[in-house]
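Features of the protein shown, as given by Swiss-Prot:
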- 1-18: signal peptide (SIGNAL)
- 19-99: topological domain 'Extracellular' (TOPO_DOM)
- Asn69: N-linked glycosylation site (CARBOHYD)
- Asn75: N-linked glycosylation site (CARBOHYD)
- 94-137: domain 'TM2' (DOMAIN)
- 100-120: transmembrane segment (TRANSMEM)
- 121-124: topological domain 'Cytoplasmic' (TOPO_DOM)
- 125-145: transmembrane segment (TRANSMEM)
- 146-178: topological domain 'Extracellular' (TOPO_DOM)
- Asn168: N-linked glycosylation site (CARBOHYD)
Amino acid sequence: MFPVLLLLLFFFAKETHQINVDCNELQMMGQFMCPDPARGQIDPKTQQLAGCTREGRARVWCIAANEINCTETGNATFTREVPCKWTNGYHLDTTLLLSVFLGMFGVDRFYLGYPGIGLLKFCTLGGMFLGQLIDIVLIALQVVGPADGSAYVIPYYGAGIHIVRSDNTTYRLPRDDW
């Protein structure tokens, strides 16, 4: 009987310290997780976040770390805008297959929305097959994408490439060992 009372006392005496914060101010890694994996916010058709806009932003549900309570919702969940890749239905695997097997006729470029280059490849038999080979490499590296500016449909946790670009306005932070 005494061990049962001791166990009940320990169970009810446990204190929880809930911290109420504005969850939109959380910025450090480990304070929250976006998107909340329990909500299933990945669109199965596009393999991107549901509601991804043309500007590359999506509002998703996030979850705060343990013992953090959001003042907006009264629980540990909140919404936040996160970056995403807007897709318009062009699949990378379809484009690669078209480029490998029908690239000499320009079908891959017609599929991506480049009819002029597709017609040029058709008339020159893929640029004497050299243009076809170059297109296969450029499409595999995701340098050539759909003409409407969208991203390829790639599995959400797939081998997507994020290209980091710089121009004359890019500032490179000098390192100590230079």
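Note: Cβ is positioned from N, Cα and C throughout, glycine not excepted.
From a predicted model like this one, the values you see are computed outputs, not experimental measurements.
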Key: Sequence-remote partners of the topological domain 'Extracellular' (146-178) [C-beta within less than 8 Å, at least six residues beyond its ends]   = 42, 46-48, 54, 85-92, 95, 112-114
Ask   = Other than its own, how many Cβ atoms are within 10 Å of the Cβ belonging to Asn168 (N-linked glycosylation site)?
value = 4
Note = Tertiary contacts of the topological domain 'Cytoplasmic' (121-124), defined by C-beta under 8 angstroms and 6+ residue spacing from its ends, are 103-106, 109, 131-132, 135
Query = On a count of neighbouring CB atoms within 10 A, which of the glycosylation sites Asn69, Asn75 is highest?
reply = Asn69
Message = In whole Å, how far does the CA atom of Asn168 (N-linked glycosylation site) lie from that of Asn69 (N-linked glycosylation site)?
response = 44
Remark   = For Asn75 (N-linked glycosylation site) and Asn69 (N-linked glycosylation site), the CA-to-CA distance in whole Å is 5
